Amino acid sequence: MGDNVTKPFDSDSDHSNEPETESESPSVPTPASTSLFQSESDIMANFDDTLQRARLAFASGKTRNVSFRRKQLENLLRCYEENECDIISALEADLRRPKQESLIVETEFMKNDIKHILYHLSDWVKAEKPSKSIINVMDDVQIYNDPFGVVLVIGAWNYPLQLLLVPVASAIAAGNCVVIKPSEIAANCAKFIAEVIPKYLDNDCYPVVCGGPSETAELLKQRFDYIFYTGSTRVGKIIHAAANQHLTPTTLELGGKSPCYIDKSVELRTAVKRILWGKLINCGQTCIAPDYILCSRRCRTSSWPKPRTCSKSGTAIHSEQPRPEPCHQQRQYRNLLVLMIVETHRCRR
């Protein structure tokens, strides 16, 4: 990955948990996926071929055609609609997530995102006409937004489809070619993406590559025109170091602390219920889940409702018999175990 990187990374993507151990990756028999049993030279050859096809496709100018972009986005929307049951099944297998929750945070979210892009695409691609200074008053001044080129998008396991395919859709709309790298930790979703997405999108412009930490480290040795990564700070630093080798611009969505602010105008019972929903959705495995509360002095001295009473009014946040949520890696399990022990001890004091 370059002189600054001394070891392959885990492509973990839960921002609050950064596992160290490598996880198994899905073995998907597609031209764009890599086998864990290949030698480093074979892996690099596959990546070279994939990147070369994407670069040639971008150089041909086909992705600059707005009609082509629109057609690809429509195909992606059709993919979501025609494969909704398979998507829900893959999410259930990887995350044990209930169907209704997956519909809200994954499939419907992705559908609405593409519909929004399609609705505004014609306006977004128009040249901008900025105000002119007196020096340029006789000139025709316009700003054209050009695509970067070949973009790498690396997804996350906690929302394995949404956090991968939403930025992919945006990159397509902007006229880029996109190398799509799903998280190997959510193996069933990665398998779905590798098998199904190539049936709907142009394979030269939008290849899917699969693999674990070592394969991703090899992938990052390639020169991309832009890298979009969602995941942990630790891995984000590794990706940033790799991007620096080629001065590649990056977007690193690394999560962080997410406060909720409550003032005197808020009905506390409603606020607590909504905060609980945001905190517990996807079993709390959300980078923007409410982390702490900021409030006015008046609110702080108010009588706050107990979370348990809020959750049992209306729609219950948790059932009486919740289903187990898989902990994908040992370090995540250890972190949760320590947290439970420490907090239990603190609450008993």
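The backbone N, Cα and C atoms fix where each Cβ goes, and this holds for glycine too.
TrEMBL labels come from automatic prediction, so no person has curated them.
Noted in TrEMBL for the protein shown:
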- 1-34: region 'Disordered' (REGION)
- 9-18: compositional bias 'Basic and acidic residues' (COMPBIAS)
- 24-34: compositional bias 'Low complexity' (COMPBIAS)
- 45-298: domain 'Aldehyde dehydrogenase' (DOMAIN)
- Glu253: active site (ACT_SITE)
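Taken as a whole, the domain 'Aldehyde dehydrogenase' (45-298) shows an average pLDDT of 93 in this prediction.
There are 17 other CB atoms within 10 A of the CB of Glu253 (active site), with all protein chains counted. In this structure, the residue listed as 'active site' is part of a beta strand by DSSP.
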